[in-house]
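Everything on this sheet refers to the single structure shown next.
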Amino acid sequence: MAEAKNRVCLVVIDGWGISNETKGNAILNAKTPVMDELCVMNSHPIQAHGLHVGLPEGLMGNSEVGHLNIGAGRVVYQDIVRINLAVKNKTLVENKHLKEAAERAIKGNGRMHLCGLVSDGGVHSHIDHLFALITALKQLKVPKLYIQFFGDGRDTSPTSGVGFLQQLIDFVNKEQYGEISTIVGRYYAMDRDKRWERIRVCYDALIGGVGEKTTIDKAIDVIKGRYAKDETDEFLKPIILSDEGRTKDGDTLIFFDYRADRMREITECMGMERYKDLNSNIKHPKNMQVIGMTQYKAEFTFPALFPPESHKNVLAEWLSVNGLTQFHCAETEKYAHVTFFFNGGVEKQFANEERCLVVSPKVATYDLEPPMSSAAVADKVIEQLHMKKHPFVMCNFAPPDMVGHTGVYEAAVKAVEATDIAIGRIYEACKKNDYILMVTADHGNAEKMMAPDGSKHTAHTCNLVPFTCSSMKYKFMDKLPDREMALCDVAPTVLKVMGVPLPSEMTGQPLVNEA
């Protein structure tokens, strides 16, 4: 077994952000002598929100993403951010799976379809992604492109569809490429409740041209006529704009929604055998290829433009590879975070990894029991520290986040104080058993319990979080040369303190210099 230069105990506090605002700040106003000492002694604030953790810019962090980044030692970009960056940097044209789809179309019958929700709602799809795909496919020289327009009206206003259709018409005219072939509401195209009779309406339209026939120059007037009869974007019955734009034998179809749940049924019918459940009279085309924007379901046989990324050699795996044992502990509410998410989004327990689940209190809301099971989690961790069995011990403390979500300020103060007491007990055990204690948080919460208007604030925040190290041999540097410090730097810092070399997959940086 490899030897660790130092043993490390990593504590991840849930929902502990840094803010100088005193009003409604359950962290600043609580008695936290232990965290105060650790922060003054040797610490640095780090970023835990937005692009720093792979989320869209300005979006508050969350527990899942926080633990994923902490454990991975790299920024783990969410699907939407990966797509947005490809669109912004104009690199879609280099996407391996898009190039393969284009080659298939070119070598085959020359026909490609883009199918999806056309709006700027940003929940399931974005019109900018559609524009970028049209541009990329034109650059890749796909001869014929057909666009199947799914009306929104749910994540956007109910009659905004004509505006999005006009934008698409203008874009296609400007590019002199692509043809809008079908318009149908998401009610029929994007069902997720196995209401196959709805999906059949869309299926019959896309393949068989079943619907009201008109031309592109009259399409907006047709939709406005539907609005007058209270048939809004979501519920638009199929409008067929060209016979050529039906899906035919040998066609290639890209569905450009990035959210999976409402794409599963329609793609399973178009790209797999599920169409048999529709009892449609329309003959299913042969040799069609479906591609998703993302992986809609692990069991689906067709490719995705942005498949899930595998996170090889996350901290837990790397310690295991190096023959080092480890211990992960949390109460029920956060157990998945110290196992599945901390381990890179995999359920698998690595070799020499021990886990411990402490049951969360059975109460209606956690403001009724602010300390939650923090004392019991500390007990389990201290037990391990005394055994000196594992060179890496980690745990999560849930109270600041879970009680923070209740919006009850006084309870949040108690939750913060209970967490500080628990960390204090662990700190004493670390000193006695020669462990270096490192403390961080996955995102902010309890430091903002009050909104500007005085009402309860129950959400996460975009504030910085602490990162502390109890050994003065490893002093935090002032800054990184090219970016702000963030959660992705926690695992590399832990490895540096343990004296374990970093895997090449970790792009985070150690934030301490050895004295």
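Cβ from N, Cα, C; glycine included.
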Which of Arg186, Arg198 belongs with His124, Arg154, Asp155, Arg192, Arg259, Ala260, Asp261, Arg262, Lys334 in the substrate site listed by Swiss-Prot: Arg186
Residue from His311, His328, His460 that Swiss-Prot also lists as binding Mn(2+) 1 with Asp401, His405: His460
Same Mn(2+) 2 site per Swiss-Prot - residue from Asp14, Asp120, Asp489 joining Ser63, Asp442, His443: Asp14
Maximum Cα-Cα separation (Å), residues His124, Arg154, Asp155, Arg186, Arg192, Arg259, Ala260, Asp261, Arg262, Lys334 listed as binding substrate: 36
Nonlocal neighbours by CB distance (under 8 Å) for His460 (Mn(2+) 1 binding site), same chain, sequence gap 6 or more: Gly15, Met60, Gly61, Asn62, Asp401, His443, Gly444, Asn445
Per-residue Cβ crowding (10 Å cut-off), top of binding-site residues Arg192, His405: His405
Which of Asp14, Asp155, Asp401, Asp442, the listed binding-site residues, has fewest other Cβ atoms within 10 Å: Asp155
Nearest recorded site to Asp14 (Mn(2+) 2 binding site) by CA-CA distance, among binding-site residues His124, Asp155, Arg192, Ala260, His405: His405
Binding-site residues compared (His124, Arg262, His443) - highest count of Cβ atoms within 10 Å: His443
Mapped DSSP class for Asp401 (Mn(2+) 1 binding site), helix or strand or coil: helix
Any further residue of that chain within 8 Å (Cβ to the Cβ centroid of Asp401, His405, His460) of the recorded Mn(2+) 1 site: Asp14, Gly15, Ser63, Pro400, Met402, Gly404, His443, Asn445, Ala446, Thr458, Ala459
